Amino acid sequence: MTISPPERGSDAKSQVEKVDNPATFELFGKPGHFDRALAKGPKTTSWVWNLHANAHDFDAHTSDLQEVSRRIFSAHFGHLAVIFIWLSGAFFHGARFSNYSGWLADPTHVKPSAQVVWPIFGQEILNGDMGAGFQGIQITSGLFHVWRGWGITSETQLMALAIGALVMAGLMLNAGVFHYHKAAPKLEWFQNVESMLNHHLAGLLGLGSLSWAGHLIHVSAPVSKLMDAIDAGQPLVLDGKTIATVADIPLPHEFFNQDLLAQLYPGIGAGIGAFFSGNWAAYSDFLTFKGGLNPVTGSLWMTDIAHHHVAIAVLFIVAGHMYRTNWGIGHSIKEIHEGQKGDPLLFPAPNGHDGLYEFLTTSWHAQLGLNLAMLGSLSIIVAQHMYAMPPYAYMAVDYPTQIGLFTHHMWIGGFLIVGGAAHAAIAMVRDYDPAKHIDNVLDRVLKARDAIISHLNWVCIWLGAHSFGLYIHNDTMRALGRPQDMFSDSAISIQPIFAQWIQNAHAAAAGSTAPNALAGVSEVFNGSVVAVGGKVAAAPMPLGTADFMVHHIHAFTIHVTVLILLKGVLYARSSRLIPDKANLGFRFSCDGPGRGGTCQVSAWDHVFLGLFWMYNSLSIVIFHFSWKMQSDIWGTVNADGSVAHITNGNFAQSAITINGWLRDYLWAQAVQVINSYGSNTSAYGIMFLGAHFIWAFSLMFLFSGRGYWQELIESIVWAHNKLKVAPAIQPRALSIIQGRAVGVAHYLLGGIATTWAFFHAHILVVG
């Protein structure tokens, strides 16, 4: 830590400015008020599309960074309000239309439902039998499992949460208006990164985790322990009363009684004295290091989760005291930046990280680009942990929820990462000043861009040719009836030795990585089968030739996505083809008339193309996950302890040919969605067709050019003129960029909804 003389600290001064900027609907009610041209009203039909395109482009409304910052800050509160309203809706459905209590009473036989379809013209067929006499639509969001983890024991509590979330939404809306129209932060407040880091690290993450750990210890852990005992058929006794049903469990506020809590966790009786005297072992019954999964619920131990949050809290509270604010002590981010001189081998930059501090505190696009890339990566990591280390009770045996959560977190991650590239490119076009980045690391990366992109291109060709080549070889050999010449576990074996080594290392490390951990980090890494209610919750995952092959397809598609996105960022300002690209802006269709062969070079077009490859990459990932789990992990446990897997372990032999993927996965598992009519999954059958249509509709926008439509429109306008019904607003074809945007939006929406219907109809029936 840098200890500086006291004069280096800055005096605290007001960071907020009182503004007289009344919130008036006179202004907001006027479409296009933010743009002089749009405010004049529509002359052509392009007006409405430009309105949509530019409404949230605050940079285009004003060049005043403080004003832009205030608008973004205010919009964040609006976003939070929408989230609270959305949460309130989820809680309300749980309170009013769900079988939550029924599910809590028998989670292995009752399916979760929080939606009941009302009969109007026969759609009550969609209400399936959820068990225990409840008819409804099965949900796959995992909310019931989360609520049980929080310690919610009744629909009444959910209704209280629904009301509370609406109150919070109101507060957020109020805050958004107040901090823009009444008391708005000054620019220096937004740029005070040390203070922001201290507050976010120590406050949001540190104290947030600590208070959550408090909830887990005082509410979640005791409620979970009592429920687990009921589910295991060995109910516990509290104050001489047997807790035989969920209704018998004390309400959260009753656990304020320390004596009551100490009956479940004697360590609570040690009080706070044990903490200050260093006798932390007294707490080892509710802050545990068990590892593995709870055999009753197939989820991580609640006391392990509480311990984790205490540890996270300590780390982040310490981290939140590292940065220099009003006192001359701690790190300065600017000094840290300027002390870094870059990588001496890869990017020897004489000026190191000089100028990056200013770039990141004046370009919110640059900041957002980094944050989206990291948050997207985090979402993808969450997807992997949902099955490898399931945190919520009974979630691991709710296969539809597991597929749903994996798919959801993968898509979210993909979109955020592409968004990261988009905002990085916008930052390069709008905010990057080459004069301020001479020979620093960013400049050196830009100077090396040809080497970076050409190498990445070579990697993509190598991965694509070899990984696809393995499949082509196998399809050819199988077609010719030569199984002995195929790449497979039983013929020419290619084992993923590095992945197997990682699995073994994790399995062997139990007991040595964490103090006295009783089990390994995940059963997926060479652990043992955990069965709950006769279904597999977790099991060791065997890896072989089929996994090796599809893994390299993943490597190929991810690298192509990175190639497209990175090329868009590195060539956003200029290229050999268009040296003055920065002057043309973030999105432009081509470099003007008379300059052919310059289409699809804008940074926006790279985002557009990157989205397709992101979709491509993740489709293969979620198909791989879905099939692998059904083949090698999920299934029912027989009386002799053997496992009957859903697809009987066919992955290793079928996933090594393209024909196998098409026939034994896509076609075989589409049986349920194609045959769903007349059953309670028929909505997915219709959705499967409808989403295919939306996907196909996108191709009309992607394959045809603007001129085709403009010609057609002019002929239609002629007919209107003939009939004297000409419109006052002149019809215009979508611009080239708008057409592509509509195309990619429908392509992704159609593709994702098709996959959703395909997964659901299948796994709801067989899972």
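Quick reminder: no glycine exception, Cβ is built from N, Cα and C everywhere.
According to Swiss-Prot, the protein has these features:
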type	residues	note
TRANSMEM	72-95	transmembrane segment
TRANSMEM	158-181	transmembrane segment
TRANSMEM	197-221	transmembrane segment
TRANSMEM	305-323	transmembrane segment
TRANSMEM	364-387	transmembrane segment
TRANSMEM	403-429	transmembrane segment
TRANSMEM	451-473	transmembrane segment
TRANSMEM	548-566	transmembrane segment
BINDING	CYS590, CYS599	[4Fe-4S] cluster binding site
TRANSMEM	606-627	transmembrane segment
TRANSMEM	681-703	transmembrane segment
BINDING	HIS692	chlorophyll a' binding site
BINDING	MET700, TYR708	chlorophyll a binding site
BINDING	TRP709	phylloquinone binding site
TRANSMEM	741-761	transmembrane segment
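Locations of recorded Swiss-Prot features on the structure.
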residue: CYS590; record: [4Fe-4S] cluster binding site; DSSP (3 states): coil
residue: CYS599; record: [4Fe-4S] cluster binding site; DSSP (3 states): coil
residue: HIS692; record: chlorophyll a' binding site; DSSP (3 states): helix
residue: MET700; record: chlorophyll a binding site; DSSP (3 states): helix
residue: TYR708; record: chlorophyll a binding site; DSSP (3 states): helix
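The Cβ of HIS692 (chlorophyll a' binding site) has GLY750, THR754 as same-chain neighbours under 8 Å, each 6 or more residues away in sequence. In this structure the C-alpha atoms belonging to TRP709 (phylloquinone binding site) and CYS599 ([4Fe-4S] cluster binding site) are separated by 18 Å. Ranked by the number of CB pairs under 8 Å to the transmembrane segment (403-429), the listed stretches 606-627, 681-703, 741-761 are led by 606-627. Between the transmembrane segment (606-627) and the stretches 305-323, 451-473, 548-566, 681-703, 741-761, Cβ pairs under 8 Å are most numerous for 548-566. If you take the Cα of MET700 (chlorophyll a binding site) and the Cα of CYS599 ([4Fe-4S] cluster binding site), they are about 19 angstrom apart, rounded to a whole number.
Same-chain residues lying 6 or more positions outside the transmembrane segment (305-323) and placing a CB less than 8 Å from one of its CB atoms are 1, 193-195, 197-203, 205-207, 209-210, 212-213, 216-217, 220-221, 286-289, 330-333, 391. Counting residues 6+ beyond its ends, the transmembrane segment (681-703) has Cβ neighbours under 8 Å at 125-126, 128, 672-675, 734, 739-740, 742-747, 749-754, 756-758, 760-761, 764-765 in the same chain. TYR708 (chlorophyll a binding site) sits 17 Å from CYS590 ([4Fe-4S] cluster binding site), taking the Cα positions as reference. Summary: among the binding-site residues (TYR708, TRP709), the fewest other C-beta atoms within 10 A of the C-beta are counted at TYR708. Local packing around the binding-site residues CYS590, CYS599, MET700 was summarised as the count of other Cβ atoms within 10 Å of each Cβ; on this measure the leading residue is CYS590.
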